[in-house]
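Chemist: There's a structure below that I have some questions on.
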Amino acid sequence: MTLESIMACCLSEEAKEARRINDEIERQLRRDKRDARRELKLLLLGTGESGKSTFIKQMRIIHGSGYSDEDKRGFTKLVYQNIFTAMQAMIRAMDTLKIPYKYEHNKAHAQLVREVDVEKVSAFENPYVDAIKSLWNDPGIQECYDRRREYQLSDSTKYYLNDLDRVADPSYLPTQQDVLRVRVPTTGIIEYPFDLQSVIFRMVDVGGQRSERRKWIHCFENVTSIMFLVALSEYDQVLVESDNENRMEESKALFRTIITYPWFQNSSVILFLNKKDLLEEKIMYSHLVDYFPEYDGPQRDAQAAREFILKMFVDLNPDSDKIIYSHFTCATDTENIRFVFAAVKDTILQLNLKEYNLV
């Protein structure tokens, strides 16, 4: 074999290798492009305590790995802290609302619980268990609980305080429902990616309190869908940050802002009217018309109330071509969220994947 033919052979091998590398790069670029299409970004928005974090927990239960016993154990301290936080809020409100304790001994119990530094709570033992039990059974505290719209109290208060014996058991392990009910204000941004039908859904939860909202802005690129949560039960409540502003008015103002943002022009909007279970309870004694005088429907009618609230939000949409998809939800009810999210997923996939022939 001559030198020339050996060189030609080597060259063609090199050329082949170069072409192979080039083809591989092209293939990878095509793959990346396709994968980018297959990742859908869902932005969870809504005011503080509307249920966004609970919704993410449900995605982990329904479409992810769920919560192992070890994971659940990690919530034990938070459950204890939620109980102390709730009782302290009611003890403070007893003073503010000038409600007396029915039983004299509960004043000492209140003092004991009031002095606890909640951040440092890591156990739930006596004398605190008995003190909190005794306080919860005091008619004064029960009256204070009934007036909770006048101050800030977690929605999970009754759930935990009605189950103190179980939580106080030394072998207590939080249940899935306990995990769903734990309240930890979201600071910063939480992302939860999960895989469905070879499509990655990346759900992004941002803090709802006003101080957290300035951090949202960089989440707004390439958003497939806005999922906006409203707590139906907030029609008679005031804001954490400002006690003379109605929470639902704040939620409406935020929704109006979000749906008119120019960078959401191509994002679908899904409205979750959440906490429908709490609305059903509350509507029996707290009348919608007292807070929204334009309501002219029947009193004590949860169905009429929620339809009115839905219409209030849908009417904020200035673009008649843009459909707002809506669902009534209870974020702590796994079966309800499983059912609702199946419908939402179909909506999102149909709207966004038709053009890529992936459905």
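Cβ from N, Cα, C; glycine included.
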Chemist: Under Swiss-Prot, which of the candidate ranges 41-54, 293-306 is annotated region 'G1 motif'?
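Modeler: That would be 41-54, per the region 'G1 motif' entry in Swiss-Prot.
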Chemist: Looking at 155-160, 221-226, 329-334, which one does Swiss-Prot call region 'G5 motif'?
Modeler: 329-334
Chemist: Could you tell me which of the ranges 21-30, 131-140, 201-210, 311-320 is annotated in Swiss-Prot as region 'G3 motif'?
Modeler: 201-210
Chemist: What residues elsewhere in the chain lie close to the region 'G1 motif' (41-54), defined as a C-beta under 8 angstroms and at least 6 residues from its ends?
Modeler: 154-155, 180-181, 183-186, 190, 201-209, 212, 216, 219-220, 222-231, 234, 239-240, 247, 250-251, 254, 258, 267, 272, 274-275, 329, 331-332, 348
Chemist: Restricting to the same chain and to residues at least six past its boundaries, which positions have a Cβ under 8 Å from a Cβ of the region 'G4 motif' (270-277)?
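Modeler: Same-chain contacts beyond the flanks: 46, 50-51, 55, 155, 225-234, 255, 302, 306, 309-310, 313-314, 324-333, 340, 344, 347-348.
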